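> Under the heading active site, TrEMBL lists Asp324, His444, Asp446, Cys617. Under the heading domain 'Protein-arginine deiminase (PAD) N-terminal', TrEMBL lists 1-82. Per TrEMBL, the feature domain 'Protein-arginine deiminase (PAD) central' maps to 84-243. Per TrEMBL, the feature domain 'Protein-arginine deiminase C-terminal' maps to 254-632.
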Amino acid sequence: RSTPRGAASFDVHATPAVTVHMIHSPATKPSLDSRWPLDPDIEVVVTIDVTSRTVDDNQVRCSQHYYDREGRELAVAWLYLTCVEVSLDVDWSRSGRVKSKGKDKDKAKWTWGPDGQGAVLLVNCDRDSPGAGGTDSGQADVRTPADLQDMSVMLLRTQGPSATFAEYPVVLHVPESDADKVRVFHAVRGDAHPLYKPVLGPDKLSYVLDHAGHGDSTFYVEGLAFPDRGFSGLVSFSVSLLEVPHKDSPGTPIFTDTVVFRVAPWIMTPNTQQPLEVFVCSIKQGLDSNEAFLEGLRALLRKANCKLTVCSEQDSRSDRWIQDELEFGYVEAPHKTFPVVFDSPRNRGLKDFAFKKILGPDFGYVTREPPGKSVTSLDSFGNLDVSPPVTVRGKEYPLGRILIGSPLPWMAGRRMCRAVRDFLFAQTVQAPLEVYSEWLSVGHVDEFLTFVPALDRKGFRLLLASPNACYKLFKEKQQQGHGEATQFIGLKGNEKKSIDEILADESLRSDNRHVQRCIDWNRDLLKQELGLSEQDIVDIPQLFILTNSRADALFPDMVNMLVLGRHLGIPKPFGPVVGGRCCLEQRVRELLEPLGLSCTFIDDFFSYHVLLGEVHCGTNVRRKPFAFKWWHVVP
């Protein structure tokens, strides 16, 4: 602003709603009569904390003086201000409630950790709407009040004179790069009930607010996509006050407020979490009948006080391996948590089971399919596990680490498809680790490792299948005079071999030396990447046999067990009977019962005999979510 010729000083006066800030160097001082010298380094800043009721109702008088001998005033400059409020607010503090008028916060920033900031958004992947063909996120409308509970609230506050907002429109907008990841509904008054108008989303980048200036407008935001390759999970929304010089102009922002959400990751729960529900398939006909297994399983679940859901043969289409078809996890925001089933691309008889029978109210669904539908055995979710919480070299993983079976890092071979691996790595909070499982015929991590709860140390133990432990046990029994006791062998009908024959079989011993080296490679990796010591690992006796350079279990694989809190359902190994008891069962009891675990050996003979290599109980477990909040993680 120009100053009158000869001006030497000025002062500033304002109406009560206006605060005047003088920014100057320490050496610059006002005179005794509060006049400031005219100095180009002095800056006058005015702020208003109260919105205007009418246009130009707040005034600042800036009088600039030069003085002759009489001290005459040369000029007075008037600044007229209209204060409006435009604020976009979300649950920035992660308290479960939106607090408007927050001060000293950067709403456009999202940070991890217990002292972090930023709102959380759920993928609306359940089905609260009866009759909907898919997940709620696939619907471009709100059909039930329950659907709103899965969404995050966003408040837009506009206050000030209506005449100002008539001239300067308020626009809510989303970047084009984020628009296909979210959908926003505006709660507007209907004749009888509130209406929820879709205003932003895959085909809508902006929304002009009608009737701005009248307080809060409530918006509901739903996620449409989980974090994945090329999508970190961060999405932003902005509100802008536009200056529109003429009706055909797109307008220019004169003020913008921005908020950021992070889409909640899919979180997998480990064996050590308490079980809520066990899923199992019923096969009643023929040699593949699992009625004996179901009878033993029901008895186990009564001990564990756990719900049992039996999938009919019609629903499973005679595919009993539900553990391979799907994995249970959950999503969590400060205002809502619900389970989400992750459907594998395996797609055998149980292909549609999770979508048709599990997806429902407050039970979400997600899947990933590789291009071309080409899958291998390693795409089954028996090849997916997660550790309990661990600390590694001072870094905490309070939600554990996901384990994925793969070839050796420097070798080609079967590998879980990239679509699934990219998804798992993109969730961030469980820092996936690839272990070596391709040495197995089926290639699943659950064939040689599992985790069980324990009362001491880290609160769990890692169980590893161990040929060395089996040979050691059989050698002990031979030395005790029980070399003629026989072990059931599942490869040729009802073949049995005595302890003496097993110990004398050099080909079998060579196979198991190779298997032990493969398991030991993983042992060293898991100790390093999960922060384990030898005291955290329990070796479970097991033998394998190589077929075309890959390994199958020689007898039912006890590591491939069902963990239900302190109760373990273990495949019955049909081992050598010594003193009226199976010595394999007895050794496992000696290893695990001191940890406070109860071992129940379940007769799963036919599943083993008919489907070699997939030696497990054919069950899947939904478990209690962690008490730990994932946004407290420090990646």
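Cβ atoms here come from the backbone N, Cα and C positions, even for glycine.
Help me see these features in their spatial surroundings.
Applying an 8 A CB threshold to same-chain residues 6+ apart, the list for His444 (active site) reads Asp324, Ser377, Leu378, Ser380, Gly382, Asn383, Gly405, Ser437.
Counting every protein chain shown, the Cβ of Asp446 (active site) has 25 other Cβ atoms within 10 Å.
In this model, the domain 'Protein-arginine deiminase (PAD) N-terminal' (1-82) carries an average pLDDT of 75.
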> Count the residues of the domain 'Protein-arginine deiminase (PAD) N-terminal' (1-82) that DSSP assigns to helix (H, G, I), to strand (E, B) and to coil, and report the three numbers in that order.
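Going through the domain 'Protein-arginine deiminase (PAD) N-terminal' (1-82) residue by residue, I get 0 helix, 35 strand, 47 coil.
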> Around the Cβ of Asp324 (active site), how many other Cβ atoms lie within 10 Å? Please give the count over every shown protein chain.
26
